[in-house]
Every structure is written in C-alpha cells, then in structure tokens.
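Let me begin by presenting the structure, written as structure tokens, before commenting on it.
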Amino acid sequence: MEDEAEIYDGIRAQFPFTFGKQAKSQTPLEKIHNATRRSDPLTTTTAATDNEKNNLPSISSSSKEWLGTLRNPKSSDAAPIGPPPPPPRQQELKADDGDVMIGPPRPPQQQEDDADSVMIGPPRRPAESGDDDDDDDVDEEEGEENRRQIPMSNEIVLKGHTKIVSALAVDHSGSRVLSGSYDYTVRMYDFQGMNSRLQSFRQLEPSEGHQVRNLSWSPTSDRFLCVTGSAQAKIYDRDGLTLGEFVKGDMYIRDLKNTKGHICGLTCGEWHPKTKETILTSSEDGSLRIWDVNEFKSQKQVIKPKLARPGRVAVTTCAWDCDGKCIAGGIGDGSIQVWNLKPGWGSRPDIHVEKGHSDDITALKFSSDGRILLSRSFDGSLKVWDLRKMKEPLKVFEDLPNNYAQTNVAFSPDEQLFLTGTSVERESTTGGLLCFYDREKLELVSRVGISPACSVVQCAWHPKLNQVIYTFAAFPKKGLSYCV
C-alpha cells in the first residue's frame, strides 16, 4: 500500500492543477501604486540622452533582469563551482552579531569628524558669520517646498463620456464624484464600491439634447443640483433619483422679475454653502435667481445686474461666498458684480467692476476669509481681486488659453495655493496645463503638463482626500482624471 501511495503521489505531482474553488489572488498595493504613477518626461529624456552618448541600444526591463541573473547567479540556480569556501572565523561571527557580509569588505571607518557625512569633491570653505543666515534661508526654502507639496505623483483616469467633461462635483466626504459632459449625461462614481474597472455605477440624462454645465452638492451631500443648457435646473438625491425640476418662466413677459423662472438656457448654479434648502442659478436671460428646493414652482428672489446700456446681457457664471452672505456674478460684458445679502437688499450691486475682463467670465471663486475673489475669463487671464479694493486687481496672470465656458479656478485645502487649467491651442506645442499659484506671493509655483492634446476644463483639490481631480477633453479620449 505504501508503494501505491508513492506512485499516486508521483503521478499527482505531474499535474500542475488542483480541483475545487481557489482563493482569488490579490494584487499587491505596491504594484498598483507603480501602475498608476504618472510618467516623468524629464527622466525619460535623461535616459534617452545617456543611451545616445554611449551609442548603445536601450535595454528593456526583462532583458535587464536576464543579464542580472547571468552576472549574479543565485546559489539555488546552479551547483557550486570550485572548492567550498572556508568556514567563517569565530571572532568575525562575534563581531558581526549574526549579520552576513555580502560582497567585498567595507573600507575602514573614517575619523570621528567625518563619521556623520561623506565629503565628495573639494572641501568646504571655512564657516563665516553669514553661514547661519544661509542655513536659515535653506530651512525656509525647505519649509516652502513642504508647504507647496502638490499631489501629482500618481493618477487614475475615469473614462465613459464621449464628449468634453464640463462639470465636476465631489461630495464632502470624498466618496462620490459626479461628472457632467457635453454628451448630455451625468455619471456617478462611488470610490467605496468601485472595482478595478473604474466604471460609474449610474448614468443620467437630465435634459435631452442639452449639455451639462454645472453640478453642485448640498451641504449635507444628500442631494445635488444639476444645471444644463435648458432653462430648468433639476434636483437629484444621492443615488441619482429625480426629486424635482424648477419651473420655466414665460418667455413673452418682458420684465424678468415678473416671470416665475428662467426663460433661457442656464449657465451656472451652486448650492448654498450653509443652508440645504437654498440654491443659486444664472442664465442667458440676464438674471440670477435664488430658489427654495422645497418649492419648484417659483423662485424666492430675482437679481438683475446693472448694465451700461438697456437690454439683456447673459450672466455667464455665479458663486456664493463661504458663509452664503454674498453673491458674485460674472456678466457677459466682462463686468463683475457682488451683492451682500442683507435686509432690504435688491438688484443694485454693492460692488461693480465695469471692466473686470475683456471677454466673458467663466468662473468666480471666493476665499474662505472673504477677502480674495478669483476670476477666470475667455480673454486668457486669471485675476486676483481684493474685495476691499476692487478698483484694480492685485495680480493678473496672462497667457492662460481658455476655450471652454466651464473652465474654473479652485483653491487648495489650506488656500495657500490656487489652480486653474488651460486649453490646447492649434499652433501650440505645450498642450493643456494645470497651473498652481501662490496666494501670498502672487507668483507661479508649478505648471503640470497633462498632454499635448488635452485641454483641462474643471479642477478641484479636495480638502479631506488631499487629492487633485480635474476633467479634460481631447481626441479621441475624454475623461476625468484623479491624481494622488
């Protein structure tokens, strides 16, 4: 019987498979981290230059591993050649305390003066009185670099849309992301239930034949606002079920204050940052409206901007401040207008910058302290305004191409930096960029190249995740990128 068991064991060893249900193999986190790492063009260029200098062909990673096995064969791969090595001395074993030495012996230790660091190159000059100041400057620079850490080392791309991804909204916990597109759809992503396919769990079409222009979560993240090219905004719950649609106004009534809703396509909309029953919308009909989400048949307040000439000029964007006490509107004539929500307030703006930009304004953003206002425009500029002195901007950043009406601007979680995206121009070779600026020094910190064919439209830096999310448009791919 023992001989038969040995025979069966030998036969069984010839079959490299087993029967029954096997456990699924899990991909190591390190492998996933390396797979999502962004390519570094500088490293690629340097490696290519070294190969050209040596006139040697590039070697793939698999070839390098094969050469490594030839140069340093493992003891288990081949039988030892030559006489066996002498046994180690007892004194060396005691000195090493169990550590095994591999390779040639280490050089003798240097003197105590050089024990902390190895000097390479010529010796340093003797210390002077100003060296302490230089050390302080270096420490300040290191602190500045740590303060400016931008999470752009790795990225994943969430695909699905077939046209420009024009809207982006991340809930306050960072678990759910909404993306809207010119393909008329809204896609909902849940990071907690997402698998390796990175697919959305629900797809919506809020208004047939109308582009999605803006998305905004409620303060409690239980509902979200969807703004499309139609005159009616919609409210959805967290799972994408329709809760209501705001009424459309009568287009034959001339006075906009007498209509119950917008009469032309919407341009932007935001949920109140503190109150979960109030939202704000702007429209091509030249008005801003404040709504109660519990009353879909009529608005609460109608705001008509101040115009240089009689007529109707589209309100291209709108924004709340962080406390919900101020409203800002970007007007089609390039003006910026701000209203303070106080008792007895009306359509007359408290702040009016007649020539804020030379073209349509695509985005406005308040700082949390209520002192700074950022504006982005089709004129290819980003302007920083002091709300206490709005006659002239604090700083104007130019050469920022903008071809999309939804190109926005955002702050970092600590608001020490702010960022925006750029569009691809026909004759340009730089492609779309993510540009980061320092709020205090009002200077460019970093420009991150996305792709020669990708235009960056929307961007956000989530405070809890500490990760940058941006939308882009390119041919043949459109999508949402998630950088960590």
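Any Cβ shown, glycine's included, is placed from N, Cα and C.
All annotation found in TrEMBL is predicted automatically rather than curated by experts.
The annotation region 'Disordered' is assigned in TrEMBL to 19-152. The compositional bias 'Basic and acidic residues' annotation in TrEMBL covers 30-40. Annotation comment: TrEMBL describes 41-64 as compositional bias 'Polar residues'. Residues annotated as compositional bias 'Acidic residues' in TrEMBL: 129-144. The repeat 'WD' feature in TrEMBL is assigned to 158-199, 259-301, 354-395.
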- Task: State the non-local partners of the repeat 'WD' (158-199) in its own chain: residues 6+ outside its ends, Cβ under 8 Å from one of its Cβ atoms.
- Result: 27, 205-217, 219, 221, 224, 226-228, 238, 240, 404-406, 455, 457-460, 462, 464-465, 467, 469-473, 477-482
- Message: What residues elsewhere in the chain lie close to the repeat 'WD' (354-395), defined as a C-beta under 8 angstroms and at least 6 residues from its ends?
- Response: 308, 314, 316-323, 326, 328-332, 334-336, 338, 401-411, 415, 418, 420, 437, 439, 442
- Tally of DSSP helical, extended and coil residues in the repeat 'WD' (158-199): 0 helix, 19 strand, 23 coil
- Note on the structure: Grouping DSSP H, G, I as helix and E, B as strand, the residues of the repeat 'WD' (259-301) number 0 helix, 19 strand, 24 coil
- Query: On the 0 to 100 scale, where does the mean pLDDT of the repeat 'WD' (158-199) fall?
  - Reply: 93
- Query: What counts of helix, strand and coil residues does DSSP assign across the repeat 'WD' (354-395)?
  - Reply: 0 helix, 19 strand, 23 coil
